[in-house]
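Engineer: Got a structure for you, questions after.
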There are 2 protein chains.
Amino acid sequence: MAQKPSIPKGTRDFNPTEVAKRNYIIHTIKAHFERFGFQPIETPSFENSETLMGKYGEEGDRLIFKILNSGDFLNKADAKAYDSKDSNKITASISEKALRYDLTVPFARYVVQHQNEIEFPFKRYQIQPVWRADRPQKGRFREFFQCDADVVGSSSLWQEVEFVQLYDTVFSALKLEGCSIKINNRKILSGIAEVIGAQDKLIDFTVALDKLDKIGEEKVKAEMLEKGIPQSGIDKLQPLFSIEGDFGSQIDQLKSILNTSEEGKKGIEELEFINNGIATLGLKTATLQLDVTLARGLNYYTGAIFEVSAPEGVAMGSIGGGGRYDDLTGIFGLKDVSGVGISFGLDRIALVLEELNLFPETITNTVKVLFINFGEREAMASMKAIKQLRERGVSAELFPDNKKTIKQFNYANKRNIPFVVLLGESELESETYTLKNMISGEQDQLSFEEMLQQLS
Amino acid sequence: MAQKPSIPKGTRDFNPTEVAKRNYIIHTIKAHFERFGFQPIETPSFENSETLMGKYGEEGDRLIFKILNSGDFLNKADAKAYDSKDSNKITASISEKALRYDLTVPFARYVVQHQNEIEFPFKRYQIQPVWRADRPQKGRFREFFQCDADVVGSSSLWQEVEFVQLYDTVFSALKLEGCSIKINNRKILSGIAEVIGAQDKLIDFTVALDKLDKIGEEKVKAEMLEKGIPQSGIDKLQPLFSIEGDFGSQIDQLKSILNTSEEGKKGIEELEFINNGIATLGLKTATLQLDVTLARGLNYYTGAIFEVSAPEGVAMGSIGGGGRYDDLTGIFGLKDVSGVGISFGLDRIALVLEELNLFPETITNTVKVLFINFGEREAMASMKAIKQLRERGVSAELFPDNKKTIKQFNYANKRNIPFVVLLGESELESETYTLKNMISGEQDQLSFEEMLQQLS
């Protein structure tokens, strides 16, 4: 019996128009990555499980897609787990490979594995799909593309400056104007935790603070209290909740909060360097904003933390993020290699461009001209002309069957093919081509060279 | 403890040079696919298992990578298979998804699922990775790219003509001259089987015939005899083993062999149409050759069968293949949609181009110019110049750290960066840039516009 075809939850087919739109974004990102000196690498879709497991926390481990071993895998299954039917414990013994969960851990693995072939600082970009067994929702899929640029092997803050420029450049090139590039620094968060006496509760503290936008000041405070942060500490936070003004004046307020924390002061210094660089160099259409509540994958980042929001009025989570991580490659045995990087969220960017109607109208990958098929002799003559057009760079095709002309015209219309050529008996005789512009309806009888000119 | 990093057997990392080389091939193929009127689609990396299983034979089923269900998958495992520890039988109950094995079955699924949005004939191309749990060997990997172009919805033989042209065009554009495009037709093979009284042994017959190149005439005959093909039938095959000459004279010999088979004569007619089209239109550098032993995935093809060999002297299996299949979408419930398509073997093509040294020397994705870092003030001035260069389309970067100049030059050398800019105190004063050509060693003190000109 025939199956009713479908695809797995959270995955997508892309039709030619969708592919063209996605490629428009990818090509824009790539072009600017390369202009900024990043070079592409590619890593396998699946990695050895031990490369990925334990790198993304318990939740991450759960969301990693595991690949079943080939052959008689049950034969090698962990006997105890098998007897107790423990899905969790049996996994490692029946699955040795897993699909890439992000591009960062495979990149760290790559750097360590190929460290002797790499010149540091190593500026790489990588645009590949990743897979997560997450619950699908708007803008979140089980297969999606990440577009990452990272530098490893230098702790220079010029790189943070460059990444802010890179975000601004790419989003401006995509005509997505008015994005907010939010920046924070792990050292600021550590400093604040220190000042309020919650060093040992840094995670709880930042998780709560990160929710300020969503749940408001009072609930954030309540959560902190609940997590064991003393009321006296929370009181010291008060200035943080009312922090405002431009980058410089926010920095000043932070200075007064953090004046007793060495780490906090270091964080301020870093922020000032980046802000100063950006102020001097200028941004095209985005703005750089300090956001002391920004935490993201805190455990991971050790310095700058970035996140990009779409222009105001567009309801969409972050469309990019990143930061500095001082010891990513340590997990694979290469110590003291500082890294910093950013990621572009392709799928969400596509949704935003769609919503704001920002895809250029010229995006298309439709063939330029269709030759109507009037039968074998005419088709052969058409194929000769088509061959020459293609050699001159014009995409062209013959309607393969000698169907009614109206049907062939309908096909051209529905596929949005802009030109149609009629090469019938009379044209064959006069060695001309009747070229019809499908948009204007205009029709001309032309020589090959004249036709070529119109199509080029 | 730190893990020694590695990647799964049969998979590969690609460094920037390798990515550039692969992209060169992919871009060439894509450009010509589009010039021939094909449009890109993309399908998910994994499909529902029932979409893939049973489509590639028993061997294929075994080589498909299965994805383990998330959560407590053992809880839903087939109880009987679990009790008998039957890996094969339990699979369907603990794995609902599987990695794409090729691009053809997902394409058939796509066409059926989206049939109401598609204009037929539908010319699509698809360039995506596929995965097979095969034993890795030279030119064969567990993750590799397929580059497919297919047309569904028309049985016109002009399409076969076009695919021969497409192979010739792409390989000529890659400077891989002298490829053999071998062609056969399923109807010829059926006709021969009919003539020798082995209709019911078509598969055994073609499997044996397919080995002619490798094991020779006598062993092929022995195998046929062993499979139950009568000696009298094998005797009738004799002319086939000595078939020779150009396309036309081979066709004549086939005609005498097949004069009693209607199907065989139909196959000859099709071959003649294609050969006639190609003879009239001409090929650039490849040759079209009739190969009556060519069978490939016979069960699959119903008309033309294609296979491309690299130029003589290159030891490499086929670098492309394809054919016509009259009922591919039938398995998903859409009957009577004829299709024909070809595939390019990206990895093998890359190996061949490498072996013959055919990659253009200009392939690179290295940054054009590196600015030496002389400290904070000079770096800021460099960043200003770099920003302007990038805006004019020149890829440029600042060495992020103020290290010894010799180290920065070494970095530029090892990364093959063609230009270096020195922007030190004296240049800052005179508002000039010292541009050093790293290949010639030449060095000039230039204005920004002069520098831009040299770098453009």
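Cβ atoms are placed via backbone N, Cα and C, with glycine included.
Look at TrEMBL and you will find B:Asp102, B:Leu103, B:Thr104, B:Arg132, B:Gln146, B:Asp150, B:Arg296, B:Tyr300, B:Tyr301 tagged as L-histidine binding site. What TrEMBL lists as domain 'Aminoacyl-transfer RNA synthetases class-II family profile' is B:1-400.
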Engineer: Just name the winner among B:Thr104, B:Gln146 (the binding-site residues) by count of other CB atoms within 10 A of its CB.
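Structural biologist: Highest number of other Cβ atoms within 10 Å: B:Thr104.
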Engineer: Can you check how the pLDDT averages out over the domain 'Aminoacyl-transfer RNA synthetases class-II family profile' (B:1-400)?
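Structural biologist: In the predicted model, the domain 'Aminoacyl-transfer RNA synthetases class-II family profile' (B:1-400) has a mean pLDDT of 93.
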Engineer: Taking the Cβ of B:Asp102 (L-histidine binding site) as reference, which residues of that chain separated by at least 6 in sequence fall under 8 Å from it?
Structural biologist: B:Tyr56, B:Val130, B:Gln146
Engineer: Using a Cβ cut-off under 8 Å and a sequence separation of 6 or more, which residues in the same chain sit near B:Tyr301 (L-histidine binding site)?
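Structural biologist: For B:Tyr301 (L-histidine binding site), the qualifying residues are B:Arg186, B:Gly323, B:Arg324, B:Tyr325.
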Engineer: Work out the three-state DSSP category of B:Gln146 (L-histidine binding site).
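Structural biologist: Its secondary structure by DSSP: strand.
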Engineer: I'd like the Cβ neighbour count for B:Arg296 (L-histidine binding site), meaning other Cβ atoms within 10 Å of its Cβ, all protein chains included.
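Structural biologist: Around the Cβ of B:Arg296 (L-histidine binding site), 19 other Cβ atoms lie within 10 Å.
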Engineer: Among B:Asp102, B:Leu103, B:Thr104, B:Arg132, B:Gln146, B:Asp150, B:Arg296, B:Tyr300, B:Tyr301, the annotated L-histidine contacts, find the widest CA pair distance and round it to a whole Å.
Structural biologist: 22
